Amino acid sequence: MTIMRKTHPLMKMVNHAFIDLPTPPNISGWWNFGSLLGLCLIIQILTGLFLSMHYTPDTLTAFSSVAHICRDVNYGWLIRYMHANGASLFFICLYFHIGRGIYYGSYMYKETWNIGIVLLFLVMATAFMGYVLPWGQMSFWGATVITNLLSAIPYIGSDLVEWIWGGFSVDKATLNRFFAFHFILPFIIAAMAMVHLLFLHETGSNNPLGIPSDSDKIPFHPYYSYKDLLGGAALLAFFFTIVLFFPDALGDPDNYTPANPLNTPPHIKPEWYFLFAYAILRSIPNKLGGVIALVLSILVLALFPFLHTSNQRSLTFRPISQTLFWILVSDLFILTWIGGQPVEPPFIIIGQIASILYFTIILILFPIAGMIENKMLKW
């Protein structure tokens, strides 16, 4: 008799994806972040569901409903801080996951990579709308500034902004629709993640050497299922350390002040995970130019498969490209720091140099380095 997991229509799908899946024998800890992102998404959906039971999407009561959750609801403070810091954890895993993809050439699986870029945009949109919901000062002014960027779109810009706002400013209608979208998007993300996996399983996973491993595969379970459990345990240990000991370390103190349209905070800035893109946006003195640079800072990821000039897939044996990769990582740290600083010298010029370097490394230096390395290896 055949084992049920191999015959039952539903079990068969799970079996092919998580049990008998042929996996390269040498994938490292950097391959753990996909499953960790799944764990983050589950945490966010569950905590978000319980928060939504007590939250009211109304300008008059939103702020106090969050305070009520923290003060009066059983373990409400824990659910709220898990949700807020879960977003940060989500982006930490996301950036590691993308970095792994760039380093090891996983972007050569074009369909999987492009779905991943769509997922990144969806997660960014969800996080932005979620940040507006507590209706603190930074929520209100962040929503005002970021939605206002759409007014830079020629001809339809102003109408588009008012259409998104549902009025002539960020108000009750905006908060209400942001809550609706913030609730539905994680389920769309979950569906897209399944498509992401579907495309990945068409080709199989890449590995640190960047060479085919079809002749030497091992089953996902028990090897990688236990490895993922260990990764998940480590992630949860780190997560609860932040949530229980430093719950406000990653947030903005301004968001503990209720939203006031008559009082602008001295420094309007997004959450830390958007600061690199915010710095690129601010580094261009023209509004439309800044918006284009902002979108391109993420869309440029889609060009990686086309800019790949090396005859080797991964950076494992490519020292010049490795150096460029780590300069790019350092550059992103600099951009993140600049995004949180006021717009004044010397931060303006540092931000502009870092922004130029970001695009130069990806669009020009990576392809050149690949060609130089081919020449050095006489390929």
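The backbone N, Cα and C atoms fix where each Cβ goes, glycine too.
As annotated by Swiss-Prot, transmembrane segment applies to 33-53, 77-98, 113-133, 178-198, 226-246, 288-308, 320-340, 347-367. The heme b b562 binding site feature in Swiss-Prot is assigned to HIS83, HIS182; the stated evidence is similarity to another entry. The heme b b566 binding site feature in Swiss-Prot is assigned to HIS97, HIS196. Annotation source Swiss-Prot lists ubiquinone binding site at HIS201, citing similarity to another entry.
Taking a C-beta cut-off of under 8 Å and a sequence gap of six or more, HIS196 (heme b b566 binding site) has these contacts in its own chain: THR112, ILE115, GLY116, LEU119. The stretch in closest packing with the transmembrane segment (226-246), judged by the count of Cβ pairs under 8 Å and taken from 77-98, 178-198, 288-308, 320-340, 347-367, is 77-98. A contact between the transmembrane segment (178-198) and the transmembrane segment (113-133) is present, since 3 or more of their C-beta pairs, 6 or more residues apart, lie under 8 Å. On a Cα basis, HIS83 (heme b b562 binding site) lies 21 Å away from HIS97 (heme b b566 binding site). Tertiary proximity for the transmembrane segment (113-133) is limited to same-chain residues at least six positions away from its ends with a CB under 8 Å from its CB atoms, namely 48, 55, 57, 62, 66, 87, 90-91, 94, 98, 101, 106-107, 139-140, 142-143, 146, 174-175, 178-179, 181-182, 185-186, 188-189, 192-193, 195-196, 199, 270-271, 273-274, 298-299, 301-302, 304-305. Neighbour count (other Cβ atoms within 10 Å of the Cβ, all protein chains): 21 for HIS182 (heme b b562 binding site).
Cβ contacts within 10 Å of HIS97 (heme b b566 binding site), excluding its own Cβ and spanning all protein chains shown: 20.
Counting every protein chain shown, 21 other Cβ atoms lie within 10 Å of the Cβ of HIS83 (heme b b562 binding site).
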